[in-house]
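A quick write-up on the structure given underneath.
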């Protein structure tokens, strides 16, 4: 098998196998070929991973942030040196085109290790509070053992986005990737230990929906960070609440992308395509509700149709390929069902709408699809599809589109395209979302916070803000004189 790892799990600095666990077959989405066979973690494996993390964490926390940071920066360097290898693995794991993974996946993970490795001494500083002759100070302290639960759209990136702030803050982590994409996180663990990370601090275990509760409910776990769907987030948050664990939730979205009639239409079309078709539409922050002002709707759709139909669908390992398969057969079937629902409910099919005929074999392909004349009550305008399906809705004025854009249970992200920057800032101020873009879309450098509101989750990934979610404040009051007691 072309991507078989040394073993299913990485615990305490080494690969570990336990064949008693349920078999997990990793399939290459372009062909359906089995490329690796692993085993889900048994309760014994879960205990082994958490115990290793618990043992290793105190000594790691006692190191200076600068010393911890040096290791993370070495890991970033190794990831960049091995970018091609890691990118090809990510393509095999997810089906995303190599032209994407080579610029967006391992590199963004390396960015996270480099950023947190370099800025932590400043980000973890406390404060000094003068109180007359007395004073107080605060310091940030680690939480302990953190659990990261990843999604299947950006497996390597997510492992790094969670691992980097957790580790630099002095924590240990047990990371569980999605069973659909089990391979990348193992390589991240291997690289971290090659960079000098002490044993037990970053452990990877495989599993499915039965494994998560073993991690979330474990008494030695202090924090859970999940990237996943809203239903999964609700279950995890409810379980974590029972023992008052710290929680970060990065969940789904049905985000609005608003195009005003003064926008640069070519840029707006490009932004809409990036916000719907990148990674075959499997991006939580996608702007899948594209609101276009009526005066430019026809021209917008004309340009969008031409560019969408020109996209090259094919073998993800071919660098010319622009759109690859869905991650799994089940996800492809789900997306096809939504496309049929859009047709049945009266939306106008502009482009795509089915399975491409230029690919052969058992791959999980879907054409990039555009619907126009979509109304707010249609299923494709309300529910997260997580595939390459764009809904174009029209609008008359600013107040109307803001009201409609906010009429969603989700609040992850949104975007505005307009030449009027005063209007752009006015609109984003009123949009109910955690991450917003003006005249661009879906750019998420590690320097900026990323996260949502409403049913799209809470807490933030990336930037110095992430350190607040992997540490807590300790306050110390220092008395400088005799105690004045009334007793």
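Here the Cβ of each residue, glycine as well, is placed from N, Cα and C on the backbone.
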Among 132, 196, 252, 363, which residue does Swiss-Prot annotate as binding NAD(+) together with 150, 151, 152, 176, 177, 178, 179, 229, 230, 231, 232, 284, 384?
252
On a C-alpha basis, identify the one among 26, 454, 457, 461 that is nearest to residue 179 (NAD(+) binding site); the candidates are the recorded positions.
26
Across all the protein chains here, work out how many other Cβ atoms are within 10 Å of the Cβ of residue 93 (K(+) 1 binding site).
30
Where the distance is taken from Cα to Cα, which of the recorded positions 93, 250, 457, 461 turns out closest to residue 150 (NAD(+) binding site)?
250
How many Å separate the Cα atoms of residue 162 (active site, charge relay system) and residue 461 (active site, charge relay system)?
7
Could you tell me which of these binding-site residues, 26, 232, has the fewest other Cβ atoms within 10 Å of its Cβ?
232
Between the Cα atoms of residue 232 (NAD(+) binding site) and residue 250 (active site, proton acceptor), what distance do you get, rounded to the nearest Å?
11
